[in-house]
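S.K.: The structure under discussion is supplied below as structure tokens; questions concerning it will follow.
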Amino acid sequence: MIKRVKTGIPGMDEILHGGIPERNVVLLSGGPGTGKSIFSQQFLWNGLQMGEPGIYVALEEHPVQVRQNMAQFGWDVRKYEEEGLFAMVDAFTAGIGKSKEYEKYIVHDLTDIREFIDVLRTAVKDIGAKRLVVDSVTTLYINKPAMARSIVMQLKRVLAGLGVTSIFVSQISVGERGFGGPGVEHGVDGIIRLDLDEIDGELKRSLIVWKMRGTSHSMRRHPFDITDKGIIVYPDKVLKRKAVIELE
């Protein structure tokens, strides 16, 4: 039997037929405003409620801002940080020189993937982390897209070896096909894509599981909502996107 990690996101584990297989690295890709950060933060918070320590690697926002964003949903991680069950890795303020005063785990040079991996490894071992989020992994290869797959593979090898189940947030531009970064989809175990589509003059949220190693899963596109308590997915509903006809 494959051990599974429950996302705890209402409706999501049904779509994944029980949860994410343990040690999988999942690419969570989507355009701006699709709910990627909320999804990944909810995954970590739910892990804490199940007694599974977690790590959030902040590359897009200041760790202080991340804590505030999470608290808006009622996910106050500070208590867990004090208890050594949750850790924030600051890979955002690299180069500003302010970080040392606040954060325990800091990445100083984002171009040095070995340093990045060393900081993650230390944090994982310190708190016995079971879940980890990198938000966003795209930042690591934004200036060197040819390195995307290699970087993802290096991270995956280390994190899976440490027994961690990970979500890598991946940014794509509006309307872009694919999952962000050349070849990254081949370097991960799972892909969940979040979309925001205009249907009949209204923006609708939906997600689809493109692949998930070690489990069967729903092959349909399911609608979801972002509420004041986080994301709710509707496994019994299917969203049909209007076909876009391209004229010659």
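Placement of Cβ uses the backbone N, Cα and C atoms for every residue, glycine included.
Summarising the annotation, Swiss-Prot assigns domain 'KaiC' to 3-247 and lists sequence analysis as the type of evidence. As annotated by Swiss-Prot, ATP binding site applies to G30, G31, P32, G33, T34, G35, K36, S37.
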S.K.: According to DSSP, which kind of secondary structure is S37 (ATP binding site) found in, if we only use helix, strand and coil?
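M.R.: It is helical.
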S.K.: Show, in sequence order, which residues other than G30, G31, P32, G33, T34, G35, K36, S37 on the same chain lie with their Cβ within 8 Å of the centre of the Cβ atoms of the ATP site.
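M.R.: What remains near the Cβ centre is Q171, L194, L196.
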S.K.: Any idea what the model's mean pLDDT is for the domain 'KaiC' (3-247)?
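M.R.: Here the mean pLDDT over the domain 'KaiC' (3-247) amounts to 93.
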S.K.: Any same-chain residues 6+ apart from G35 (ATP binding site) with CB under 8 Å of its CB? Would you list them in sequence order, or say none?
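M.R.: The answer is L194, R205, F224, I226, I231.
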